[in-house]
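Annotated in Swiss-Prot:
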- Ala98, Asp99, Ile100, Lys101, Gly141: substrate binding site (BINDING)
- Thr46: phosphothreonine (MOD_RES)
- Lys101: N6-acetyllysine (MOD_RES)
- Lys101: N6-succinyllysine (MOD_RES)
- Ser114: phosphoserine (MOD_RES)
- Lys115: N6-succinyllysine (MOD_RES)
- Lys115: N6-acetyllysine (MOD_RES)
- Lys118: N6-acetyllysine (MOD_RES)
- Lys204: N6-succinyllysine (MOD_RES)
- Lys211: N6-acetyllysine (MOD_RES)
- Glu164: site 'Important for catalytic activity' (SITE)
- 1-27: transit peptide (TRANSIT)
Amino acid sequence: MATLRVLLSCVRGPLRPPVRCPAWRPFASGANFEYIIAEKRGKNNTVGLIQLNRPKALNALCDGLIDELNQALKIFEEDPAVGAIVLTGGDKAFAAGADIKEMQNLSFQDCYSSKFLKHWDHLTQIKKPVIAAVNGYAFGGGCELAMMCDIIYAGEKAQFAQPEILIGTIPGAGGTQRLTRTVGKSLAMEMVLTGDRISAQDAKQAGLVSKICPVETLVEEAIQCAEKIASNSKIIAAMAKESVNAAFEMTLAEGSKLEKKLFYSTFATNDRKEGMTAFVEKRKANFKDQ
């Protein structure tokens, strides 16, 4: 949640502007974003791509950036052509934490009455699968933001940390909860109590990351995964996502009961019938998201 001066000091040389691939298709939403870039990608524009774009601040998560992120997520969630979303940052940083300047002078009353950081939770309410493509620093709020996503791909030089204790606070956007559920108590406790960072390789070994990619191909590989997801039925993908996420909230018995209920629910969809019929007929399924 914190952007630390000591972390910023480790970056040498001028920051490069975000690299924009010529193949990226413009995001025709009418939205005018200052802190993010939002575009549709994939052969059939089935992937929503959101790039955090505050390079001089290492993508520090100010209120304006989070508001724009939520706007873009809402637009992609409501776009029937989009089946999955990729969230990324820059080569130096996915996001180096929350914007400390916005938090420095807040009181308890300010935080409590305004439900500070509450609007960060919008990402967890998105029904479409979201992939975090993490290059560079994912510290504090940046690590928490990545953990809100459904899948994390990491560049080979990515680093993850919850260093809030070094500035006299604790994670406030799910860091102590999601990290513990993902990597276990011992590693989570060590990271939260020391502020130490872990590498992409350590994160993968701990189960925080599902794939490590070269820095230069990370986003494209995440998009390829998103395209594969988007080729399936959106309504069935949403059910699958709901069932997997329930494993973090329920007992095994409760989760299995929900899974069974969602499994039965697929039999009320045309896509379930089409998928099984296509399998029997040895052809590719033509899902209609119905």
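In case you wondered, yes, glycine gets a Cβ from its N, Cα and C as well.
Location within the structure of each feature annotated in Swiss-Prot.
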residue : record                                  : DSSP class
Thr46   : phosphothreonine                        : coil
Ala98   : substrate binding site                  : strand
Lys118  : N6-acetyllysine                         : helix
Gly141  : substrate binding site                  : helix
Glu164  : site 'Important for catalytic activity' : helix
Lys204  : N6-succinyllysine                       : helix
Lys211  : N6-acetyllysine                         : strand
Those recorded positions listed as Ala98, Lys101, Lys118, Lys211, and which of them has the most Cβ atoms within 10 Å of its own Cβ: Ala98
Of the recorded positions listed as Asp99, Gly141, Lys204, the one whose CA lies nearest the CA of Lys118 (N6-acetyllysine): Gly141
Of Asp99, Glu164 (the recorded positions), the residue whose Cβ has the fewest other Cβ atoms within 10 Å: Asp99
Residues satisfying Cβ distance under 8 Å from Thr46 (phosphothreonine), sequence separation of at least 6: Lys40, Ala81, Val82, Gly83, Ala84, Ala226, Glu227, Ala230, Ser231
Length of the line joining the Cα atoms of Glu164 (site 'Important for catalytic activity') and Lys101 (substrate binding site), in Å: 14
Recorded positions near Lys204 (N6-succinyllysine) (Cα-Cα within 10 Å), from Ala98, Asp99, Ile100, Lys101, Gly141, Lys211: Lys211
Distance in Å spanning the most remote Cα pair of Ala98, Asp99, Ile100, Lys101, Gly141, given for substrate: 14
Residue, out of the recorded positions Ile100, Gly141, Lys204, whose Cβ gathers the largest set of other Cβ atoms within 10 Å: Gly141
Rounded to the nearest Å - Cα separation of Lys211 (N6-acetyllysine) and Ile100 (substrate binding site): 31
